[in-house]
Structures are given as structure tokens and as C-alpha cells.
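One structure is given below, encoded as C-alpha cells.
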């Protein structure tokens, strides 16, 4: 019974963990912690409704149904197509985030190796702390493109370095280099080979927790409590930008479109709810730990908490050994998960349209070129993973987390003549929360 909990934890622990400290900074420290707890409980409840949704259907064997089948049963072809659409939003959104992050990690890794091999000591012209545990504030350097701000002290010639900087550019060249590796992998008929690397995800999350703990032990805790007042170094405990965190959390706790599949292999089906709850508890604990520790140990003063980046690894310079190892781990993990996500998107979309997950190499290639193109475009022009995560999270979360589970539950109760006023009010309120969450992303 340990396995299903672990699988759910492993599937849910995605790239969102890198943005949680930034989300806490946007919401304020205290309200950030409260929101992580509340969103964890709310998304768990909605996930529980998804798991139970098949059992509420009378007189039909639903044992091999997925959640889109349940949506189709209740809402006809609209349910089927809309659940497909939102499922694609979540998958393609995740693939775009992966592309942006892989470009970031590949860029920093390449730069680290180049500087190490050529014995180049690069000092970023960015505000940062001094000493052996350097923390930097890339956003404070303002208007310049972040990848080209470095001063070099080297024993060798400068032209080679300038040439390297030109050909190894975070947004202009590196996202294109990834195409050569990943596009061929996407076209494989079955990505089962990559599923074997699932353990990499666990290793990289465990390593991230280790990195966060070591950094915090060295940096110490820097906290100051002000409820609403702005301060040069600290953010208020409550900020009006808090929906940016709820958007990120909707994706961070999102497993609703595949939870039925994950729990199907559970030997003791009666333990599903318990295993799901334990998995959610562990995921929430991991997010809380990383988010709180990074936020609390961020060295302010001299730096402001506002400096916490959307990917917290960007707050460590590219020559930081521990961050270098973390980036390598995450890069390999994402390169194995990316083809799996592409495979899921392909199966869902092409099977729906053509009745076959691999109609022809032409169909598959066209779909994959479109998905890769979206990733490259975002890495080139809008490399803000926090933004991409919160928009795609709030969009697909609206359907799968808030609206469908609540509507299906209310309809099934109504048909059984068991719908009460409290149940109606609570579930309408959940739907309105999901709607408010989505609208707020575009207002803030």
C-alpha cells in the first residue's frame, strides 16, 4: 500500500516546487502558508470526489472508466470534448514550462562547464551577498537581458568568451538546441523506455530538499513580521497578489485527470481514499518545507525578499556547485518526463480525433512540431515559469478541480433524491472559488 501513495506523490511533485517560494513571496509569508494548507485540503476533497464519481453511476459497469468517460456520461459530448480540451491545456502547459526550465538549466550548466574548463572567473554584475554562500538578485539589475551581464577575469583571450556568450544565449540560442534532442524522442511509438527513469524525479526532489536545508543552515533565518506595511527588505504578511500563489498551487496539487488511472493498480481498492490523503499530505508537506525554508532563509538585508525568483535556483549564481548538481538532475529528469507528457497528449488528442494514437508519422510529427514550437516561443519571449504555471493551472484547474467534480456530485445526489441545501451551497461555492481563481490571474 506504500506504492500508490508514492506514485501519486511522485506524479504530483513537478516543476511547481521551484515556484512555491516565489508564490509565498507574492502572497505574503503568513497568508502563503495558510493558502498552501487550504488549497491542499480543497484540492484533496475535489480529488476524492473524482475518485468516487464512478461509483455514483447506477446499473453500469464503470470499472475501466476514466474521468473524461464520467464527464461524457453526465454532460454528453460537451463533457467529453471540454474535458479533452482542459486536459490538453494542462499537458501542453506542463510541456511549455519544462521547455523553459530545460533551456534555463542547460544554459547555466553549459556556462558552468565552459568557465570551469577555461578557468574563467565570471562575476555577474548583479546585486548579491558576499562570502562563500552567494545569493544573487537577477531581477534587480533591471533593464538588461539577464543572460549577458557578466564581467570576466580570465587568464586567456576574451574573444573566445565573447563568441561563447553569443552562441550560448539563454533565450536566443539554447531553446533551439534542445529541439535536436527532444523532437526525435517525441516521435517514438511508445515511451515506456522513459517510464523506467521515473526514479530520477524522486532523486531530484530529495536532492532539492537537501539543497534547501543546507543553504538555510548556512544562511540562517531572516524574517520580520509586518501585516500590511511595505518595507525595503521584507514583504507584508498579506498581499493583494495572493491569487498568483493559488494559481500556482492549483497546478502544484493537480492530479485530478489521471488519479483514477493511478489508483487502479492499488491492490486494496478500499484503501484508495486513505492512500490519496496520505499522498496529498506528503506533497503539501514537501511544498511547505521548500517554500517556507527558502523564503525564511533568503538573506534580507542586504537583499530584499522581492528578489526571490520564479525559479528559486536562479537566485544562486551559475558557479554554485550545489545548484549546478540540482540543475543537472532536473535537466535529465525533465528530458525523460517530457516525452511521456508528449505521449499522453498524443494519445488523448489523436485517439479522440482519429480513433488511433498513432495514425501516421505525419500526424504525430505535425502535433509534436506544434507543441515544441510553443515551448521554444515561450522560452524565447516569455520565460516566466511562475506566470505560465499559474495561468495553465488556474485554467485546467477550473474544469478538473472545481467545476466537474462538484457538478457531477450535485447531479448524482439530485438524481438519487439526496441533494440537501448545505451540499448545494458548499459545492456551488467551490465552483465560484475556481472561477474567481481564474479571473484573478488575469487581473493581477
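Along the chain as shown, the residues are counted starting at 1.
A Cβ is built for glycine as well, from the same backbone N, Cα and C atoms used for every other residue.
What TrEMBL says about a protein is an automatic prediction, not a curated fact.
Check TrEMBL against the ranges 60-80, 81-101 and you find transmembrane segment recorded for 81-101. Range with TrEMBL annotation transmembrane segment, chosen from 123-148, 357-382, is 357-382. Counted over residue pairs 6 or more apart, the CB atoms of the transmembrane segment (7-24) and the transmembrane segment (172-188) come under 8 Å in fewer than three pairs, which marks the two as apart. Proximity of distant same-chain residues to the transmembrane segment (324-345), defined by a Cβ-Cβ separation under 8 Å and at least 6 residues beyond the stretch ends, is recorded for 15, 88, 91-92, 94-95, 98-99, 101-102, 104-106, 108-109, 112, 181-182, 185-186, 188, 190-191, 194-195, 197-198, 200-201, 203-204, 207-208, 211, 313, 318, 367-368, 371. Taking DSSP states H, G and I as helix and E and B as strand, the domain 'Amino acid transporter transmembrane' (6-112) has 93 helix, 0 strand, 14 coil.
Where the transmembrane segment (275-296) meets the stretches 30-51, 81-101, 200-221, 241-263, 423-443, the count of C-beta pairs under 8 angstroms peaks at 30-51. The transmembrane segment (30-51) makes contact with the transmembrane segment (241-263): 3 or more of their CB pairs lie within 8 A, with pairs spaced 6 or more apart in sequence.
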